[in-house]
């Protein structure tokens, strides 16, 4: 038996969707453990591109149980729209394989309005939020005033909690943010209708997980965003509002740390970031634009162009450390195929000092300059490679150098967006 956690090892958008899609073949359950619809997983199935924001990627595989855990914040409208779209495409028909934790928190309309209004007032201090209400929903969760799915399903409880919440939220919207307040009726009627649809999928998912673990089933835990966006371990305050690291797989589902066997970090062969915050290897030149266009680096959720830069070994070393990575899945190696020279950041220069580890102090991090090592590019198409030996020697040398710098084995190399454009060096489910 092997249970595997998949985490982003950079700032998100590393290609987790494709890797999870591949690993799902070997799992019985696929479990989403944090975040909300601020994340977008892009999958290419045949010639069709499918983008999922909430539902685990495993939904595209027949016979796999998909669970959205208690660590997720759920926008009911988005969830229902995803189900409807998947059913219309013939990708999902069995409601019994999709479960929602009764304990997860619900994103309300006022969360979204507050999110957008705050960002608009932030000026130069913008975080780069997606405006989906994720942060305000987690605020209510931590403040012990959130509305959970089990509350939404009980009209009496929902009525009481919504009235209490609106009293506070409308004051905030009107008096502090200058925004229009909400009426009780408009939210209650809309969300009561959502509840009727959601009821089909609700379960005590922690109990289900432990029953499946006891039965010897294999679990795949699917994270969203990336390590450097973790609320505790990321580049705070330029982070998301949940625990994106491997530890979140336990707190966000009810699984025990003893149940986790392998932790795979997903990393691009270069680096991207969306929104504000430090990014030492960012390229604001022709090379950066080339990475963006060749890699299709535009957000699956927002459509925003991603900031692009060279591979940063310090970021990956940090991800290995705080997640306890047992392997790295390297994605988008093919995007580098047209570069004559490829750079790797092996350290930072700060005030005349050489830094070999990621600084925790944001003021220092923002002033760090990358120290590069240059490697020759392979300048040939690698999308047909299906084994490591199929890669050009210079591409193999590049991968081995990244592995050496990370201090963690690379267990998968992706050379294109399709499922079959993958070189699996080691299967974590067979470890």
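The chain as shown is numbered from 1 upward.
Using the three backbone atoms N, Cα and C, a Cβ is placed for every residue, glycine included.
Source: prediction; values computed, not measured.
In this structure, residue 333 (GTP binding site) is part of a helix by DSSP. The Cβ of residue 333 (GTP binding site) has 24 neighbouring Cβ atoms from other residues within 10 Å, across all protein chains displayed. What Swiss-Prot records for 12-18, 40-42, 306, 332-334, 414-416 is GTP binding site.
Annotation note: residue 13 (IMP binding site) sits in a coil segment as assigned by DSSP. What Swiss-Prot lists as IMP binding site is 13, 14, 15, 16, 38, 39, 40, 41, 130, 144, 225, 240, 304.
Annotation comment: Swiss-Prot describes 13, 40 as Mg(2+) binding site.
All chains included, 28 other C-beta atoms sit within 10 angstroms of the C-beta of residue 13 (IMP binding site). Here Swiss-Prot flags 13 as active site, proton acceptor, drawing on sequence analysis.
Here Swiss-Prot flags 41 as active site, proton donor. The DSSP secondary structure for residue 41 (active site, proton donor) is strand. In the structure as shown, the Cβ atom of residue 41 (active site, proton donor) sits within 10 Å of 25 other Cβ atoms.
Feature annotation from Swiss-Prot assigns substrate binding site to 300, 301, 302, 303, 304, 305, 306. Within its own chain, residue 304 (IMP binding site) has 274, 275, 298 as residues 6 or more apart in sequence whose C-beta sits under 8 angstroms from its own. For the recorded site, residue 304 (IMP binding site), the DSSP three-state label reads coil.
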Point to revise | Euclidean distance between Cα atoms of residue 15 (GTP binding site) and residue 302 (substrate binding site), Å | key: 16
**Study point:** binding-site residues near residue 12 (GTP binding site) (Cα-Cα within 10 Å), from 38, 130, 225, 303, 305
**Key:** 225
**Study point:** Number of Cβ atoms other than its own within 10 Å, given for residue 415 (GTP binding site)
**Key:** 26
Exercise for review: For residue 225 (IMP binding site), just count the other CB atoms lying within 10 A of its CB, please.
Suggested key: 30
Review point. Across all chains shown, how many C-beta atoms besides its own are within 10 angstroms of the C-beta of residue 15 (GTP binding site)?
Key: 21
